[in-house]
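In TrEMBL this protein carries:
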DOMAIN    A:38-263  domain 'ABC transmembrane type-2'
TRANSMEM  A:44-62  transmembrane segment
TRANSMEM  A:74-94  transmembrane segment
TRANSMEM  A:115-139  transmembrane segment
TRANSMEM  A:151-174  transmembrane segment
TRANSMEM  A:181-200  transmembrane segment
TRANSMEM  A:242-260  transmembrane segment
Amino acid sequence: MSSTTHPAPPTALTPAPSSALNLSRTLATAARVLRQLRHDPRSIALMILVPCVMLFLLRYVFDGDPRTFDNIGASLLGIFPLITMFLVTSIATLRERTSGTLERLLAMPLGKGDMIAGYALAFGTIAIVQSALATALALWGLGLDVVGSPWLLLLVALLDALLGTALGLFVSAFAASEFQAVQFMPAVIFPQLLLCGLFTPRDNMHPVLEAISNVLPMSYAVDGMNEVLRHTDMTATFVRDALVVAGCALLVLALGAATLRRRTS
Amino acid sequence: MMNIKRRSSTPETPPDMNKSPEGTGQAPGSTDTTPAIRAEGLTVVRGPRTVLRGIDFTVPRGQITGLLGPSGCGKSTLMRSIVGTQAKVTGTLDVLGRPAGHPELRTRIGYVTQAPSVYDDLTVRQNLDYFAAILAPGRHAADQRHADVTRAIEDVDLTGHTDALAGNLSGGQRSRVSLAVALLGTPELLVLDEPTVGLDPVLRRDLWQLFHDIAARRGATLLISSHVMDEAERCHRLLLMREGQVLADDTPDALRTRTGSDTVEAAFLHLVDEAVAAAAREKETAR
């Protein structure tokens, strides 16, 4: 401990006031989240490689039936980023809540919007890398037969990642421990997985289930992927699907922001 | 002639001379005489329990006020109320002339929670860099941030551990990283929840030296909680708490004199006995 402390130096920080959304604070938060990840290379490897390994596996599971691989592979390209980002975000924000850093940050001039946007930006970046690798592997390594542009696949994958981040953030508010947070995965993701049209076309389902699947965002993520699979151009259905996924992501992000309370009991 | 003579005989003091480096209980350049913290009828409810029961006190500026009492008496809740993170606060609570929790206060208060709140998977410097970027964002402040972070690391004597991951540090070192975050941006009010718990005697002495330095040289107000009574002797003023109420709000000397005790600990026990006796009498008359 330096027993001689410097008096307030002329270069002392002049803190800036808080505002709803501040680009520098958002970028600083995103950089910090990525820096945390960099100290955890195993997590990065798992996030990036697991989807590729799964696609590889799937390709040879349907070795005798490439048509099925086309259908399921394209859908999975949309589902993987959603699931990974959901898991990663729900645990990361839960840690932020339980470690006291969230309380500290909210006692500082950090806007809730900065916090949410910072997380979305950081995990969005990871999602881009993950989706780009998985899409490239599927298209050129495993011969996934896609009629439309691979850029559109990537766009939907990115929107799905954003939706996953949003859902994870929202759900972390209701989990008291990491143990509970992981249990939210089957609760929130699995029903959507069953109803999204991955296993059977949605119009073959019981009408009640079909109606439910119509209001679940993952259904639109998978529909969007299938549009790219079958059509050369951007169809009206594709635009609708992309907008629905993006809209849901923004809505849930806003709900997530509402769960960040400056004052807690 | 007259004018010139008068002017030369009473030279105007340059503004710098007014700023005493040792501080006289005022923030440098500040003429604010309102107390740093003023509470009236402060009540906090947590779940079914009333944690703070209509307490009144003031904390003067530029001094170290110790907040003492057994664990569970409401110290942390009071601190959370002051920094504006506690819900269900009623009554009056003004901090630095503003109602507690006012957005403007977020840059003027440094707060250290009881458990170190830093990122275990970042290095000491990365932790401080991030929190500094929240306090003073933007590229133009980058040099200031760097200087401020370096100074904060020096203040808590972690210069040798700048690039160590916070998660790999010892408990005492991690709580010093947490303290360094609160020292960023030279806050006017530092709220420290048991900052010396679990530290060795040498480190505790050095930290108290630092606290006195911060009060004297930077003119900051410090509110420091502890349940170790020997630390009370190092404070300018004391707030003794028990079961959500303030037992005493005085200087250590005055407390000892008033209760005829040798130590603050004895004074505290004396006051507790008094309070218990008073409560028992009240019960008796109620029957």
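Using the three backbone atoms N, Cα and C, a Cβ is placed for every residue, glycine included.
Because TrEMBL annotations are produced automatically, they should be read as predictions rather than curated entries.
Between the transmembrane segment (A:151-174) and the stretches A:74-94, A:115-139, A:181-200, Cβ pairs under 8 Å are most numerous for A:74-94. The transmembrane segment (A:44-62) makes no contact with the transmembrane segment (A:181-200), as judged by fewer than three Cβ pairs under 8 Å among residues 6 or more apart in sequence.
Outside the transmembrane segment (A:74-94), and at least 6 residues removed from its termini, the chain residues within Cβ reach (under 8 Å) are 33, 36, 43, 47, 50-51, 54-55, 58, 102, 119, 123, 126-127, 130-131, 134-135, 138, 144, 146, 153, 156-158, 160-165, 167-169, 171-172, 175, 177-178, 181-182, 184-185, 188-189, 193, 196-198, 218, 221-222, 224-226, 228-229.
Within the chain, the transmembrane segment (A:181-200) has long-range Cβ neighbours (under 8 A, six or more residues past its boundaries) at 72, 75-76, 79, 82-83, 86-87, 90-91, 94, 167, 171-172, 174-175, 209, 212-213, 216-219, 221-223, 226.
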